[in-house]
Amino acid sequence: MELFYWCLLCLLLPLTSRTQKLPTRDEELFQMQIRDKEFFHDSSVIPDGAEVSSYLFRDTPRRYFFMVEEDNTPLSVTVTPCDAPLEWKLSLQELHEGSSADGSGDPELLDQQKQQMTDVEGTELFSYKGNDVEYFLSSSSPSGLYQLELLSTEKDTHFKVYATTTPESDQPYPELPYDPRVDVTSFGRTTVTLAWKPSPTASILKQPIEYCVVINKEHNFKSLCAAETKMNADDAFMVAPKPGLDFNPFDFAHFGFPTDNLGKDRSLLAKPSPKVGRHVYWRPKVDIQKICIGNKNIFTVSDLKPDTQYYFDVFMVNTNTNMSTAYVGAFVRTKEEAKQKTVELKDGRVTDVFVKRKGKKFLRFAPVSSHQKVTFFIHSCMDAVQVQVRRDGRLLLSQNVEGIRQFQLRGKPKGKYLIRLKGNRKGASKLKILATTRPSKHAFPSLPEDTRIKAFDKLRTCSSVTVAWLGTQERRKFCIYRKEVDGNYSEDQKRREQNQCLGPDTRKKSEKVLCKYFHSQNLQKAVTTETIRDLQPGKSYLLDVYVVGHGGHSVKYQSKIVKTRKVC
């Protein structure tokens, strides 16, 4: 098998070539080998101009080899750790006189050179230990057999290697701008806005670049593959093959596939991954997320948690080569949740409260005098609102309130009441709240169970309509208003205007029909009727009835649309 790979290496060394100094690149053969990832995974040969991904078992070194045929050859080698720190070194074993380019086509001589380098320690050119993306670059390298040795002492890990003899023309990694930092331009409780300088690879060289943003709570990442390794830590990709199977321990094609698939055509196991350049939203893990945003260099991250430290990394990906470069990441702590201001309620005084959609509001009621009972009148002007009442930390009440509700609680000397209001998902809410220890004097106007306005169809004329509504046993003032509306006025439009807290003072004087007092001790007879005159034939009108209580506080009945007859 080893001889077979060295034969493949020989195919990359045509004697007539004088430009490439690593295995000379036959483009057609090179592209074929790029597609066949198994060639790289199984081979210890580094091809010229292609990124190799492979795996390291802990404390088990891995060696790669490549040949440089001529002196004064440019050479660049880049190693990218994808998880654990690596120890790696690059060594050179000079060629013997009998192993010149004239004899480079003989696989036996190449095999001898490799064996000599294994047996005899060569000249160390470069070494590094850490988890940074590090590279060796030489504008003039001697001919010889080069060995790259990698070791992971912490844990099993994987990495990437890229080598080329044409570093100036290849440029597969996107170039960083003169200022490679990611800037936090603004941040709040749940959002952070990031900005960075565009890559010259996109702005000057006009190569396709995509930016990917990685957000996590632990630390910044130095490479995109390190971030993706963290995201995929639970995937089968990291599961080592089971012992006893016929596999090369460094053959990545088997990793992550069940045993019953190992006998299938290996070409099915080596399908190329999708281009990173597409708009891919990775399935987020617990504390890390990657979002690719195209060629924009400003991005706002939302839905963050308040008072939490986040780390932000930006990677630019060359969508032609699928290779990436990291900006210098940033971190910031989001702002604390704004402390809720508590509204003080005065005994017997109506307080207007506005609650944002899904928002919260806190109110406090501390009666000055001793009391036996406390009454809360809560008027939800539109949609339902969740109400909680606590006294000295103890929960007394928790209900959804729609319309007008009255709650009477047993009092306690020097008791302090905390009211929490929580808005719903539909939209913002407006309420009127009255807390009192003397409910008989400061009650909201009482309402019947049915607050609809009924129109009598048989009593309709071209200029009038007759309507009726229910009252209560308490003598109250009722005011009725009318407003002409379009014939296609819908129920949805009517609901949008159904703010029960808007009183008669918000209506035009021309819309007022009349006001009258009404009550009945017999609830069965607590019905009043009214005929509204001076209307136009065939027109639609919106009718509203308001009941006014002590202190001028009013409540609106459900609106009613009526239509006069067109022909009489």
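Backbone N, Cα and C atoms are what each Cβ position is placed from, and that goes for glycine too.
As recorded in Swiss-Prot:
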SIGNAL    1-19  signal peptide
DOMAIN    261-331  domain 'Fibronectin type-III 1'
CARBOHYD  Asn322  N-linked glycosylation site
DOMAIN    445-564  domain 'Fibronectin type-III 2'
CARBOHYD  Asn488  N-linked glycosylation site
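Neighbour density around each Cβ, counted as other Cβ atoms within 10 Å, peaks among the glycosylation sites Asn322, Asn488 at Asn322. Cα of Asn322 (N-linked glycosylation site) to Cα of Asn488 (N-linked glycosylation site): a distance of 58 Å. Look at Asn488 (N-linked glycosylation site): DSSP puts it in coil. Taken residue by residue, the domain 'Fibronectin type-III 2' (445-564) breaks down under DSSP into 21 helix, 47 strand, 52 coil.
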